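Worksheet: one structure, shown below.
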Amino acid sequence: MAIERTFSIIKPNAVAKNVIGSIFSRFEAAGFKIVGTKMLHLTVEQARGFYAEHEGRPFFDGLVEFMTSGPIVVSVLEGENAVQRHRDLLGATNPANALAGTLRADYADSFTENGTHGSDSVESAAREIAFFFAEGEVCPRTR
């Protein structure tokens, strides 16, 4: 299998629950290397830009409001088949459908406040990583 990079967000509701370390531990236990991470508080402009593909949908304004309601943690994860494996670890977008033991089953509050985000493709991951990380902010780990 190919080594891939994927993008992850720990959303404001999960940050507020003080479970960042628990989530990182689960990433590492699943075999991911964390090769980039930072905490930030999105501006409305940043949130609208990141979620631009959803503009015009009924949930867009609520999503922007939620994503700007508190700090988030953005990360780049590396590993074999990283995009799909990360999505499997997150669980279904709607936490009501998330399997027990997934991050969304454990940390989500609702469909919008589902605790986490993960890229849905290698192409999306590259775009999302570039949105938040400048050249040199992602550090390859060879050891």
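Placed from the backbone N, Cα and C atoms, the Cβ positions cover glycine too.
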Which of ARG5, ARG104 belongs with LYS11, PHE59, ARG87, THR93, ASN114 in the ATP site listed by Swiss-Prot: ARG104
Those recorded positions listed as LYS11, PHE59, ARG87, THR93, HIS117, and which of them has the most Cβ atoms within 10 Å of its own Cβ: LYS11
